[in-house]
Amino acid sequence: MKILEIYDKQIAEKEGNIFIFISKWIISVDHKNIGTMYTNFSILAGIVGTLLSLVIRMELSTGNMLDGDGQQYNVIVTAHGLIMIFFVVMPAMLGGFANWFIPIMVGSPDVAFPRLNNISLWLIIVSFFLLLTSSCVGIGVGTGWTVYPPLSTMEYHPGHAVDVGILSLHIAGASSLLGAINFLTTVFNMKIAGLSWSKVSLFVWSILITAVLLVLSLPVLAGGLTMLITDRNFETTFFDPIGGGDPILYQHLFWFFGHPEVYILILPGFGLVSIILSKYSNKGIFGVKGMISAMSAIGFLGFLVWAHHMYTVGLDVDTRAYFTAATMIIAIPTGIKIFSWLATLWGGVIKITTPMLFVIGFLVLFTIGGLTGVVLANGGLDISLHDTYYVVAHFHYVLSMGAIFAIFAGYYYYYSIMNSTRLFGVVRYNEQLGRIHFWTMFIGVNVTFFPMHFLGLAGMPRRIGDYPDAYIGWNLIASYGSLITAFGLLFFVVNIFTPYIRRSVNIKNGAIILMGLDFARDWQIGFQDPATPIMEGIIDLHNYIFFYLIVVAVFIGWVMGRILWRFSYKWSYPTIGDIEIFKNFTAYNQIIHGTVIEIVWTLIPTVILYLIAIPSFTLLYAMDEIINPTVTIKIIGHQWYWSYEYGDNASNLIEFDSYMVYERDLAEGQLRLLEVDNAMVVPVKTHIRLIITSGDVLHSWAIPSFGIKVDAVPGRLNQIGLYVKREGTFYGQCSELCGVDHGFMPIKVQAVKLGEYFSKLNEK
């Protein structure tokens, strides 16, 4: 004991020594210290990103917080997206947990390149501050996290803000690439002798596959960003149609990285979930080889589906059909993982702790996000839902609730290991605070993001800081949900610091009062009323797909509820009947390791996807047909307005512009952000060809009731057929980032009889 007391005294003295502090933290090459610094950095960045998200939700709840400054809103949205992806999830997963536990799990004393590990950490920190700087330089980076040209070119984003942002992403990419190379080398070259690949932890496998994805995808992003920065500063024209370039090339390069990036964010979470699930169900993971194969398949297929983010840019229908099929196939290995986790729970003795609660929350919410992903995979349905809040809801269920819940589960699970020291002793989180954190956050994120599905179905475009009054109800509810989520995160912050300050925390009862909401108009929980056969087909296909997805969701929910009811420690106990199957060795082997049951639940999603695919392809090819058009209308997108060109019955070319009517000029009964000075006119029950292009940046011509959403791309002529079945006035909006501080670009279409159509043209 005397030796330990002397050691503790020396440790206490060293903690106050600045040189020892620098040696331990600033220039440390110890993988544990670096992992701790990564984790603390991701918590700090997460606080910044969460505060930005609260600003977004407050703006969307009032519309006046930023005084109508669309560029400032887009700068905040861009910073929020980039921070949460590159500086929260990736540092926590790959920098924090991977650095801490990969060497331990493979029996290595440290990572292969400790100094490379240190520089990787400091590169990501430098990158983070560069990103924050880019938001404050000039007009900021208001391009969205995708940084699409032409909006990101010097013409539309002058100054150095975008250049600094690109430099930040380059440095962050270099940091991730160095880390990936380090982990690959560590696992392959430093794995302890006798540890077979089949016995390597699923977390190690997940990091290994993630590292491969990083090595293969990041150079493509770096190439695209380098081409963009040379377009901005050195007069190259990689993405400028005037010089023979194509802005769609950038989208291909970006999404070839961007979609594997989704799996880079979520795969380490799969590994953490597997570890925690096995621990607190007191069982080995069901079908380990199947789980490894599923993760490998997800990683491989992730490189083959990037263009499902680009269904509206004018891709050939056969190309869209391929990406639809390839994207839906990813649901099969993902389904295998969900079913394998459920099989792990079945028959175990489940202990409900804070990490286990977050894992169960992960399973529920990730499943919902995956099911909506099957909807968006359809090239036909996505035409209506692309760039709406349905997409926002989908990827937040996968990332904000999937990856983030996995991070919280892992942090609570490894909290004592990662934070205990000789100075502070063994530190433990407060279980009650952890549970309060889970339930408030679980409720908060669902209240925030679930209503966004309804906003998307009704056609609310994303990336816009204000919106027609019809959408105010669900936006208010989502904003209340964000406050509940932030309130829950306070319990997390208190919980992780309480063990150090060693003070008791008294939790007082409180209440949140929700004001009565007055829902405007009738755009609430479904699509707008269809006006074309295409929109009717979209609604029918959506309902058809949802029938199968709801069946799957109900089945998974029933199984999970049954498991928690029958096998939870202290809730109930397994009965003799529950464990009867384990008396039979063959049956036991099938439940624990067998392939027969895996084949069965591989076939289940395969059959469901096949049943979904047939009507999906039918609708997709029907949408591509343009049947003997008698009217052709050319639509040109500009910043602030739309231009329309079409001929009358005497073949005279008629041109006019369509600007939004500002709120101060609206007549009584007119709709804010939807009225225009010159409405587009189309004849009913007539086949029409629409030719859509852009005169400056990317735009999106979208009418929810028509089931039409087509990108207007500079240098390209995208066309689509239109057949309006009924008379009426129909509204839409541009759903792309259409310029720096651009005005809203509403679309108003009047569908009239053919005779009245020509009369209105003559008036114009």
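The backbone N, Cα and C atoms fix where each Cβ goes, and this holds for glycine too.
The Cu cation B site recorded in Swiss-Prot includes His308, His309, and the single candidate from His252, His259 that the record places there is His259.
Rounded to a whole number, the C-alpha distance linking Tyr263 (O2 binding site) with His396 (Fe(II)-heme a binding site) is 14 angstrom. When the Cα of His699 (Cu cation A binding site) is compared against those of the binding-site residues His80, His386, His396, the shortest separation belongs to His386. Note: the stretches the transmembrane segment (545-565) and the transmembrane segment (329-349) are in contact (3+ CB pairs below 8 A, sequence gap of 6 or more). A helical conformation is recorded for His396 (Fe(II)-heme a binding site) in the three-state DSSP classification. For Cys738 (Cu cation A binding site), the nearest neighbour among the listed binding-site residues (Glu59, His80, Asp387, His394, His396), judged by C-alpha distance, is Asp387. Under the three-state DSSP scheme, His386 (Mg(2+) binding site) falls in the coil class. By the Cβ criterion (distance under 8 Å, sequence gap of 6 or more), the transmembrane segment (253-273) is counted as touching the transmembrane segment (390-410), at least 3 such pairs being found. Comparing CA positions across the binding-site residues Glu59, His80, His386, Asp387, the one lying closest to Cys734 (Cu cation A binding site) turns out to be Asp387.
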